[in-house]
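Asks: Structure provided below as structure tokens; questions to follow.
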Amino acid sequence: MNGDQKLDVHNQEKQNFIQHFSQIVKVLTEDELGHPEKGDAITRIKEVLEYNTVGGKYNRGLTVVQTFQELVEPRKQDAESLQRALTVGWCVELLQAFFLVLDDIMDSSYTRRGQICWYQKPGIGLDAINDALLLEAAIYRLLKFYCREQPYYLNLLELFLQSSYQTEIGQTLDLITAPQGQVDLGRYTEKRYKSIVKYKTAFYSFYLPIAAAMYMAGIDGEKEHANALKILLEMGEFFQIQDDYLDLFGDPSVTGKVGTDIQDNKCSWLVVQCLLRATPQQRQILEENYGQKDPEKVARVKALYEELDLRSVFFKYEEDSYNRLKSLIEQCSAPLPPSIFLELANKIYKRRK
């Protein structure tokens, strides 16, 4: 298959995935929209779903479907099993939406996926916290509706619950490493950074979609899952470091969001790299300007990053990490096809959004 054909297949898969969303909304809302007691709340759920779940890249959700199709022999891929794979893909997207709505509140973000954050919309505010919980609840309603009779139902429930917990642990590490109003650069070590990334991003963004497809394909052995986890945690770190780079150096018209890591006092890959390279004078500049909302102070930190040429440091890291990832896939992917992991790595390598 040449590049254009691959693109056509990918675009078709993406369209099929997006089209399934209307079915998801229908299952979650249709029966109760006219309910005499709950009707108004169900209308709100529909609005929350339609604003917060669509508009992303759908990489996580599509990974479930693509991996399922690669692991399950074609004769077993009937319409019903593909519906279930699409639904579980949307459950991953719902989990992502749940985290993002809350994350945007905690980070005081303004835009997400090219539109104003949900909590920033007039009349929403902190009610968005409850809306996020509705998104999380939708996951388990869908799993029950579509997968309850399947042998992998319990494994999927545990996987989603575990992924939520790991992500919340990661968010906790992130928040306590950089408490609001307290800048303590001594906390920003490479070790702490890797822990935050492992728990906050890698589990739900990389392991969850692949592991869900594995369970749906009947692959539930500990060794197979441990090997997949090893590769996918490494990939998750690679992805988050790209994200940290794009937060500052990305183009908001491409990324769909304006980065706030410097003013939010985040333990970002860039600040960790800056601290590893800074002279005492440069560290002083960082101490005086990091974690503050003043645009001039943010600009000083950015200038310091430019002075230390952190762009080049990132490009070298991206190259080295990609090569390391490829050799890890070679060693650990069996008995799964290496292509599952390689396609995912290629999708994020040199991404700019």
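Every residue gets a Cβ built from N, Cα and C, even glycine.
Note that the structure is predicted; figures quoted are calculated from it, not measured.
Per Swiss-Prot, the features are:
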- LYS57, ARG60, GLN96, ARG113: isopentenyl diphosphate binding site (BINDING)
- ASP103, ASP107: Mg(2+) 2 binding site (BINDING)
- ASP103, ASP107: Mg(2+) 1 binding site (BINDING)
- ARG112, LYS200, THR201, GLN240, LYS257, LYS266: dimethylallyl diphosphate binding site (BINDING)
- LYS57: N6-(2-hydroxyisobutyryl)lysine (MOD_RES)
- LYS57: N6-acetyllysine (MOD_RES)
- PHE98: site 'Important for determining product chain length' (SITE)
- PHE99: site 'Important for determining product chain length' (SITE)
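Surface or core, plus neighbours and distances: that's what I need for these features.
Replies: Its Cβ taken as reference, ARG60 (isopentenyl diphosphate binding site) is surrounded by 22 other Cβ atoms within 10 Å in the chains shown.
ASP103 (Mg(2+) 2 binding site) carries a helical DSSP state (H, G or I).
Sequence-distant neighbours of LYS266 (dimethylallyl diphosphate binding site) (same chain, 6+ residues apart, CB-CB distance under 8 A): ASP174, ALA178, ASP244.
Sequence-distant neighbours of LYS57 (isopentenyl diphosphate binding site) (same chain, six or more apart, CB under 8 Å from its CB) are LYS353, listed in sequence order.
Of all Cβ atoms in the protein chains displayed, 23 besides its own lie within 10 Å of the Cβ of PHE98 (site 'Important for determining product chain length').
The Cβ of PHE99 (site 'Important for determining product chain length') lies under 8 Å from the Cβ of THR167, GLN171, TYR204, each of which sits 6+ residues away along the same chain.
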Asks: Which whole number of Å gives the largest C-alpha distance between any two of LYS57, ARG60, GLN96, ARG113, the residues noted as binding isopentenyl diphosphate?
Replies: 15
Asks: Which whole-number value in Å describes the distance between the Cα atoms of LYS200 (dimethylallyl diphosphate binding site) and ASP103 (Mg(2+) 2 binding site)?
Replies: 11
Asks: At the Cα level, what's the spacing in Å between ARG112 (dimethylallyl diphosphate binding site) and GLN96 (isopentenyl diphosphate binding site), rounded?
Replies: 12
Asks: ARG113 (isopentenyl diphosphate binding site): which of the recorded positions PHE98, ASP103, THR201, GLN240, LYS257 is the nearest Cα neighbour?
Replies: LYS257
Asks: In Å, rounded, how far does the Cα of ASP103 (Mg(2+) 2 binding site) sit from the Cα of ARG60 (isopentenyl diphosphate binding site)?
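Replies: Their Cα atoms are separated by 18 Å.
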Asks: Nearest to GLN96 (isopentenyl diphosphate binding site) by Cα distance: which of the binding-site residues ASP107, THR201, GLN240, LYS257 is it?
Replies: THR201
Asks: List the Cα distance (Å, whole number) between GLN240 (dimethylallyl diphosphate binding site) and ASP107 (Mg(2+) 2 binding site).
Replies: 16
